[in-house]
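I have placed the structure first, in the form of C-alpha cells, so that the comments after it can refer back to it.
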Amino acid sequence: MSVGLLTTIPTINVVFPSPVFPLTCAVQNYAWGKLGLDSEVAKLVLGGDPVAVVEEGKPYAELWMGAHPKGDAQIKDNRIAQTTLGEWIAHFPACLGSKVKDTFQGQLPFLFKVLSVNTALSIQAHPNRELAARLHAQFPEHYPDNNHKPEMAIALTRFEGLCGFRPAEEILGFLKSVPEFRALVGNEAAEELRCSVGNAVHTGQVLKKCFTRMMNCEKKVFVDQLNMLVKRVTEDGAAGKDTSSSIGDLLLRLHSQYPGDIGCFSIYFLNHMLLEPGQAMFLGANEPHAYLYGDCVECMACSDNTVRAGLTPKYIDVNTLCEMLNYTPAPASSKIFPCVQDASDPCVSLASILLVIEGDAMATSVAALSDITLSRGTVLFVSANESVSLHVTGPSGMTMFRACCLL
C-alpha cells in the first residue's frame with residue numbers, strides 16, 4: 001500500500017500502471033465531519049461535479065475512493081458497461097496487475113480517502129489480520145470484515161491527532177501534575193511505572209496495567225474526577241494561570257465535545273500530534289490513535305474494522321482495545337514522516353487511483369475512450385501498465401495524490 005503526493009510542471013508525461021476512467025466517489029456524512037463548504041471533502045466533491053449540491057449544515061466527513069462494499073465508486077463514463085469500480089475489477093481483474101491480482105484474489109487491496117475532521121474521532125486502534133478474522137467471526141455486527149487496516153495519513157491542512165504512547169517520562173510528569181489522572185491510574189501503578197523507566201520490556205507491561213486500570217474505572221469514579229479536573233482547569237484559565245501542565249485547552253475542547261467521557265484522559269497517555277501540510281503519520285496494527293481536527297488524505301488496507309474505547313457514541317470494546325494495543329512508548333517526533341521528493345514512479349505496473357487537489361490538466365491515453373479533463377476533485381482509476389499523458393493547462397502547476405499497492 002502506498003500513497004504519494006505528485007506535483008507537476010506545465011507539461012509532463014507519466015507512465016501509469018489498461019483503461020483509464022474518472023470516478024464519482026462515495027461521501028460518508030459522519031457526525032464528526034466538517035460542515036458544508038468548510039469541509040475539504042465537500043469542496044472536492046463540488047470541484048469534481050459542479051452541479052453537486054452541498055448542504056451547509058451537513059457534515060462531509062470522508063470521501064471514499066475505491067471498491068469497498070460500503071462505498072464502491074461509480075464509473076463516470078456511460079460508455080462503460082459496468083457501473084461501479086468493483087464491478088469493473090470483477091470483470092477485468094487483470095487491470096490490477098498480475099502480482100496484485102494473484103496476491104489479493106482479484107480484489108483492489110486498498111481504500112483511498114480524504115477526511116475532514118471537525119470534532120474528535122474515537123480513541124481507537126485497528127486489528128492485525130489474525131485478530132480481525134477472530135473479531136469478525138464472533139461479532140460481525142461490529143467488525144464488518146476479516147481484514148486488517150494499517151493506514152497512512154498525509155496532512156492537507158494543519159492536522160491534529162493523538163498517536164502512540166508518550167515516553168514514560170512524559171506520562172509520569174502528568175501523573176505528578178494532574179492529580180485527577182493519578183487517582184484513576186492509582187498510586188501503586190504510578191509508582192511501578194516510575195520504577196520501570198530504563199527497562200523497555202517492563203515499561204510496556206506497566207503501561208498496559210496503567211492504561212487498562214484507567215479505562216476500566218467505574219463510571220462514577222472517572223466522571224467525578226473528570227468534572228473536578230475540568231472545574232480546576234477552567235478556574236485556573238479564568239484566573240490567567242498557565243494550564244499547559246494539564247494540557248488544559250485540549251482537555252476542555254474534548255470535554256465540550258464528549259462530556260463525561262473517559263477518553264478525555266487519554267491525552268495524558270498518547271502523543272499529541274500536530275502535522276503541517278505534506279507531513280504524514282503511519283498507523284500500524286494495534287497503534288492507539290485519534291484524529292482531532294483538520295483535513296488529510298488517507299490510504300489503508302480495504303477494511304472498515306475499528307476497535308473503539310472512548311470519545312465516541314459508537315460501540316466500544318474496552319477489553320479488546322486494552323489487550324491488543326502496542327504499548328511501546330515513543331516521542332511524537334518519531335511518528336511524523338516528512339514529504340520527500342522521489343523521481344521514481346513505483347506504481348507503473350500497478351493499478352492506482354489518482355486524486356487532483358489543485359490545478360487543471362488534460363489527460364490523454366491510448367486506452368481511454370476520450371481525453372479526460374482534470375481539475376480540483378477529479379478522481380481517476382488507472383489500470384496497471386497504462387500510459388497517460390498530462391498536459392497542464394493552469395498557470396501554477398498541479399497537486400495530485402496517487403495510491404497503489406506495492407508488492
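Glycine residues also receive a Cβ, built from the backbone N, Cα and C atoms like all the rest.
The annotation active site is assigned in TrEMBL to Arg308. The Zn(2+) binding site annotation in TrEMBL covers Gln124, His126, Glu151, His289. Residues or ranges marked as domain 'Phosphomannose isomerase type I catalytic' by TrEMBL: 20-167. Under the heading domain 'Phosphomannose isomerase type I helical insertion', TrEMBL lists 184-270.
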Which one of the recorded positions (His126, His289, Arg308) has its C-beta surrounded by the most other C-beta atoms within 10 angstroms?
His126
Could you round the CA separation between Gln124 (Zn(2+) binding site) and Arg308 (active site) to a whole angstrom and send it over?
4
Taking 8 Å from the centroid of the Cβ atoms of Gln124, His126, Glu151, His289 as the cut-off, which other residues in that chain fall inside it around the Zn(2+) site?
Ala125, Lys149, Leu283, Glu287, Thr306
DSSP residue counts for the domain 'Phosphomannose isomerase type I catalytic' (20-167), split into helix, strand and coil:
39 helix, 43 strand, 66 coil
Can you tell me the CA-to-CA distance separating His289 (Zn(2+) binding site) and Arg308 (active site), as a whole number of Å?
10
Residues near Glu151 (Zn(2+) binding site) in space but at least six apart in sequence (CB under 8 A):
His126, Phe282, Leu283, Glu298, Cys299, Met300, Ala301
Helix, strand and coil totals (DSSP H, G, I; E, B; other) for the domain 'Phosphomannose isomerase type I helical insertion' (184-270):
68 helix, 1 strand, 18 coil
What average pLDDT does the predicted model assign to the domain 'Phosphomannose isomerase type I catalytic' (20-167)?
92
